[in-house]
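Below you'll find the structure, written out as structure tokens, and then a few comments.
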Amino acid sequence: MKRNWKKKLGTVALSTALLTSQAAFVSAEGELKEAAAQAQEEVVTEEVVTEEAAAEEVVTEEAAAEEVVTEEEAAEEVVTEEAAAEEVVVEEAEEVDSAWKINSQTGAKWKVKEKGSTFIKGNKGEKGQKGKKAKNGKIAAQKVKSESDVREFFKANKEFFKMNSVDKMDFIQSETDDLGMTHYTYQPNIQDIPIDQSKVIVHVNEAGEIVAVNGEFHPEAPKKVKQSKEISKKDARETAWDHINIDRAEADITVNNLEGNDFDTLTETTELVVFHDDGEYTLAYHVELQFSIPEPGNWDIWVNAENGDVLQATNKVKEVASTGTGTGVLGDTKSLNTFLYNNTYYLFDTTKPMDGVIQTFDLFGGGQFNLPGSYVTDTGNTFVDERQKAAVDAHYYAGEVFDYYYDTFGRESYDDRGADITSSVHYGSNYNNAGWTGNQMIYGDGDGSLFTYLSGSKDVVGHELTHAVIDTTADLVYENQPGALNESFADVFGYFVDDEDWLLGEDIYTPNRSGDALRSLSDPTDYNQPAHMDNFRVLPNTREGDWGGVHINSGIPNKAAYHTINAIGKSKAEQIYYRALTVYLTPYSEFDNARAALIQSAEDLYGSSTADEIAAAWDSVGVY
């Protein structure tokens, strides 16, 4: 159903309109046995009794059988306090069909990681991995017909997966893809509290065979976490704001959008979770804060629920580089999808096959302007003014990136649900940066030396909008190896969108020096990135340490992507990378998990020979 865009545009004064985007442990207490033997109250000590007395004391055989307890029986029933304290009720052994057991070849080849993400697959072992080929690529002989069968699989393999209990996996969803494969997703928990940023996925082919299992199993997780919540959700949010040193009142501004409705510029959520870090599991509040002023923020902050300490804080505003990007347009003429209303044209594209729109705004510089800004307009439908050039590229390239994802994968916007794609240009003053804030794009103007208008580079726009796709699919944690994969997948899809060369950002980086770029897939070392695990850099998980080197160590998977594309071609590679991202990767996936995910995706789509090429590409960068 088509929206009435004129009605949408005509509800407020358009020149100043603003828009905002909103984006078990189940403790089992055993019932202790009670020591039940009681001594008889009377003992007959007389050796001689009269017949009358004897008659009174005789107990019938039936009554005696009910009342007499032998010493041996009493000893068996008595449980001391000490023994009772130590006694733990063990679940009754469940009968499990052996056909659900992981086959010995697969089990010999793979093992569950104590930390991070694990990928277990039933296909052949590639170079660099030990183990033999698993029969028919199946992990288990039994076939899955429903989610309850997946639980039977987990029960049969509790020891292999090092699971405390199958009940510690909350079923989230099942999805069947275009290949007929069904993917069952679970959320690990402790005492019914979710272990944050974790999921386990079981992949079943069309024949019902389990071919892969991956995710964060947390075999080292305890059965309980300390449940003393000394602080409230409100306390946690206040702690989060204090930690990032931003006044909540300044960030929480109500604006009126084009439909005449009031919206808050601030989005904040708080959830009780189990936070995990380096083998430690802590009850915490996960506070998410999204705001646009006084600076773009998309924060994940974990606050200890017992003492209020901040356990971790990460700003997920994705940047092209730590030094930022942005500066002028190249002067080329582009055809734009605009919208005419009351004799004025708007950078407002309603032509795409989705519910949402592509819309572009001008912030007019300065952090005091609230996102998204004012619509970019022109009375003659010729957006040729100097100030309009950044908006032209942002608008045009956002449309092209949408077209790429839709035409290549059938994806409707970044969330595959038709969300608005919103861009704001002229952010800040000489702002050498651009990024995805969690609900929209921002582009700085650059300082004219290091960067020109960031929106002037198609691969940069593709990179940034891919961060939005990642956020709604694998949701790769923005730190260390998962964060480097986040950056690498954004770089690789930036190349898929704009495949003229192997460089990223060459059109807008150092505009006064030709041949320069932000990064290179073909030779990451040209831009101070490692291209092999031998040169992997261990950096602190801080802003100063680039969150563990996310923009630095991404050179290693980038180089593997370069070898992959050269070996099998772009058309196969992009389908494989997209499937790995949307089907197999999970938040804490690391380089070896990405390798396994890409190999599995290749086998799903094209067979073993293509998978072998990908294995070789990752072997070449030292990832096995």
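One-based numbering along the chain as shown.
Heads up, the Cβ atoms here are built off N, Cα and C, so glycines get one too.
Residues annotated as active site in TrEMBL: Glu464.
Note on His551 (active site, proton donor): other Cβ atoms within 10 Å of its Cβ, all shown chains, come to 23. Look at TrEMBL and you will find His551 tagged as active site, proton donor.
Per TrEMBL, the feature domain 'FTP' maps to 173-217. For the domain 'FTP' (173-217), the DSSP-based tally of helix, strand and coil residues reads 0 helix, 27 strand, 18 coil.
As annotated by TrEMBL, domain 'Peptidase M4' applies to 323-470.
Taken from TrEMBL, the feature domain 'Peptidase M4 C-terminal' covers 474-623.
For 1-23, the entry in TrEMBL reads signal peptide.
Only residues 6 or more beyond the boundaries of the domain 'FTP' (173-217), in the same chain, are considered here, and those with a CB under 8 A from a CB of the stretch are 24-27, 112-113, 116-123, 136-140, 143-145, 147, 150, 153, 161-163, 223-225, 227, 271-276, 281, 283-284, 286, 302, 475, 477, 583-584, 586-589, 593, 596-597, 600, 604-605. Under the DSSP three-state reduction, His551 (active site, proton donor) is assigned to coil, being neither helix nor strand. Straight-line distance linking the Cα atoms of Glu464 (active site) and His551 (active site, proton donor), rounded to a whole number, equals 13 Å. Neighbours of Glu464 (active site), defined as other CB atoms within 10 A of its CB across all chains, total 28. Mapped onto DSSP helix, strand and coil, the domain 'Peptidase M4' (323-470) counts 40 helix, 34 strand, 74 coil.
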